[in-house]
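Listed in TrEMBL for this protein:
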type	residues	note
SIGNAL	1-20	signal peptide
DOMAIN	238-249	domain 'Tyrosinase copper-binding'
Amino acid sequence: MRLVQCVVIALLSLTPPCDLQLPTLMDQPQIMDSLRLANILMERPVEGPSIRKECRMLNTTDFQRIVNAINRAKLDTRVRPNVHDAYSFLHAHPEVNRGAHGGPAFLPYHRVFIFLYEKLLRIYDRGISLCYWDTTVEPENMQWSSAWTPELFGNVQGSVTTGFARNWVTPIHTLERFGATQGRPMNDEDVKTILSKNRLGEISMPAASVDANVELMHNFVHTYVGGIMGQVETAAYDPIFWFHHTYIDCIYEQFRDKQKQNGVQPMRDWPAEHGDSAHAPFAPMRIGSLRNIDGAQEFFSKEIVRCEPLPACTEDSQCGAYMRCNRDKRKCIADTMKPPEQAAGGWSSVDNILSSVWRNRLSSINNPLTGSSFGFGSIFHQPEIFRFSNSG
Ligand SMILES: *[C@@H]1O[C@H](CO)[C@@H](O)[C@H](O)[C@H]1NC(C)=O
């Protein structure tokens, strides 16, 4: 009864849903359901441009609207196991995601993937746009970043028990993160190097140099959050996935702007050396009837994507409630929380011990959805193993 009441409250209001007793097990997603859902989303009208800000620049109301819509999708069981995870499953399925990673279709694919996800969220709240998570503002010791407060993304160590995704269960197991053990956030130098290039092939696998490889930089962030986010097959079940990819999409848009200034038409720019045939420009994206090149269309730049950059600040007050101004760099940077020995109620050493137990457990899990699994980290260390088999 309490569950029913909570769902009704969650569906009818913009206030955060009350703490639900979420299921501890769920049906496995079915790929036909997920593809059908993607088709439905393709056909839905576009509700206007997407105005994308750094999540920490939104006021509480605007951020709550986004995460409430995410939670409604998570509670909506019109599709197995729920709308959120059915859609995320597209990223998990080896037959469907073949052009998503390891080549030049990476940026166009994920552009479409988050565009449809945003349409999905707009089923629940028409007025919202995704926000982005800019990891270049993270402090050196990112595990103390304000990003991990309950008001933003929730904790980054172990099972997620704070924030809007607290106690989430994914089709694999409880939502878990093992932050700051591997990988790294992106930095200003990464972005500068990427934007200094002029061709998609120069920033994409397989030909990009290591320092200009946007997919590789993005992999580091996946690995940095770790847990569910650290594996290709599970990453999209952690809602921070969408904020991370919205940022990558903003970099893509900046890159395209620069291309156009330099006389390169993004729609005509596809590297001859694209590696796997799934990365050919006219290969099917496996979302609706789209081809990879369709994700590079001007439609998105003209109609959809508006990224509001962080201000070149001089005052803390310009940087929202969770960042402050580094006046030398004229850049907003994330506030840090106090380390646990100083903060009451911070993470205890017990948490650290537990998180290493979880880490060991996770590394022994063979993803039941796709058979063998590989992490974003292993793409980096052994690029040659990054091949999808035809049989999955
Ligand atoms: C939050 O920001 C939006 C603009 O994005 C504004 O319309 C709204 O009034 C603000 N709400 C509060 C409570 O400040």
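Just so it is clear, glycine is given a Cβ too, placed from its N, Cα and C backbone atoms.
TrEMBL annotations: computationally assigned, not manually curated.
Per-residue confidence over the domain 'Tyrosinase copper-binding' (238-249) averages 98 (mean pLDDT, predicted model). Each residue of the domain 'Tyrosinase copper-binding' (238-249) gets a DSSP state, and the totals for helix, strand and coil are 10 helix, 0 strand, 2 coil.
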